[in-house]
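Undergrad: Let me give you the structure first, and then I'll get to my questions.
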Amino acid sequence: MLNLKVAKEQATIVVAMSGGVDSSTVAAILKEDGYNVIGITMQLYNHDTAINRKGACCAGQDIYDAKFVANQLQIPHYVLNYKDKFKESVIDNFIESYINGETPLPCVQCNQSVKFHDLLNFAKDLQADALVTGHYVRRIDTANGIELHKAVDSKKDQSYFLFATTKSQLQYLHFPLGNMTKDETRYHANRYGLHIADKPDSQDICFVADGAYHNVVAKLKPNAKKPGKIVHIDGYILGEHQGIINFTIGQRRRIGISFSDPLYVINIDAQQNIVYVGPESKLFKTTFMIHSLNWLGPGNMLVEPLDVEVKVRSTHSAVRAKLYPYSNSMVKVILNEPEKAIAPGQACVIYKGDLVLGGGWIAKEQTQS
């Protein structure tokens, strides 16, 4: 199943167990297949630091569920305290991103900094042969190296959130569920008699309740709510806001302005503490920059213009575009057709069909258009 260089009965596999059905089923499949499996669960945050809610990844109930499954499978299980690291690398960056007028993507930063860095290094310290997760994405060995591909189940594909995985990390990571559908995963979970077989999927941001991200920001950084101006993109002042952390690009509701036509958040100027609003038509654009490119395609970096498909939000479909190398790991992206609400701080993930070529972070515009 994992195509390792050692025989499965001699291989030690660390499974990142979140307490959900996906990672629990992976652990069960590998145990049944004859591997020596070790379950690891990360404790990521204090409930008094973030906003607690049910259905959150790596919360108290999830740790209990992971340990219960490990006992059922009769595999070793450890809980690692990564709360400080998670706060430093994910929550603090999440807060700063909103303060800077961006729309952050903490799940990618968690994969990038905690799961595939700290946890991966811990697995290596255990002299494990691989770190395995329950992500829906495919890792394919080819003559040209290891490739990352979209999952077979397009509805559950998580490749967008894994674009920052490096080539060296892919040498050690494996994703057995990439060739399964979610229904197949639940079937196997029931077959193994796992008590979490019908457990709902975790939500996107584990430490935010009901999408109220501004409550987390305000709780951990109370001075982040500074009043400022709401300005129409044509230049005139419409009113006052109570903090740019309450806004994101493309937002229509809860702007707090009465106007003859629907208003949307078009841009956020963090330096001037101004929220720019305007008609929906102003949300569409074809050209933007991405920074901190992680390249998974041929060679070490994008070196010439390339026709690709890109996703600018996890919920968006991939659209055709052309990449132009710029400088310092920056790339200009020109879309074939305009896309709506391209938000700084979100990821732009690059594809060629099902192949993940990498991605980067959408950069803020230098000037107000």
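Every residue, even glycine, has its Cβ placed from backbone N, Cα and C.
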Undergrad: Could you look at Gly60, Gly101, Gly134 and say which one Swiss-Prot places alongside Ala16, Met17, Ser18, Gly19, Gly20, Val21, Asp22, Ser23, Met42 in the ATP site?
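TA: According to Swiss-Prot, the candidate sharing the ATP site with Ala16, Met17, Ser18, Gly19, Gly20, Val21, Asp22, Ser23, Met42 is Gly134.
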Undergrad: Work out how many Å separate Ala16 (ATP binding site) and Gln346 (site 'Interaction with tRNA') at their Cα atoms, rounded off.
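TA: The Cα atom of Ala16 (ATP binding site) is 25 Å away from the Cα atom of Gln346 (site 'Interaction with tRNA').
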Undergrad: Restricting to the record's ATP-binding residues (Ala16, Met17, Ser18, Gly19, Gly20, Val21, Asp22, Ser23, Met42, Gly134), give me the longest CA-CA distance in Å as a whole number.
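TA: That value is 16 Å for the farthest Cα pair.
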Undergrad: At the Cα level, what's the spacing in Å between Gly20 (ATP binding site) and His135 (site 'Interaction with tRNA'), rounded?
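TA: Computed Cα spacing between Gly20 (ATP binding site) and His135 (site 'Interaction with tRNA') is 11 Å.
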Undergrad: I'd like to know which of these recorded positions, Ser18, Met42, His135, is least surrounded, judged by other CB atoms within 10 A.
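TA: Selected from the recorded positions Ser18, Met42, His135 on minimum Cβ neighbours within 10 Å: Ser18.
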Undergrad: Compare the Cα of Gln346 (site 'Interaction with tRNA') against each of the recorded positions Ser18, Asp22, Cys110, Cys206 and report the nearest.
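TA: For Gln346 (site 'Interaction with tRNA'), the spatially nearest of the recorded positions is Cys110.
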Undergrad: Which state, by DSSP, holds Asp22 (ATP binding site): helix, strand or coil?
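TA: Looking at the DSSP assignment, Asp22 (ATP binding site) belongs to a helix.
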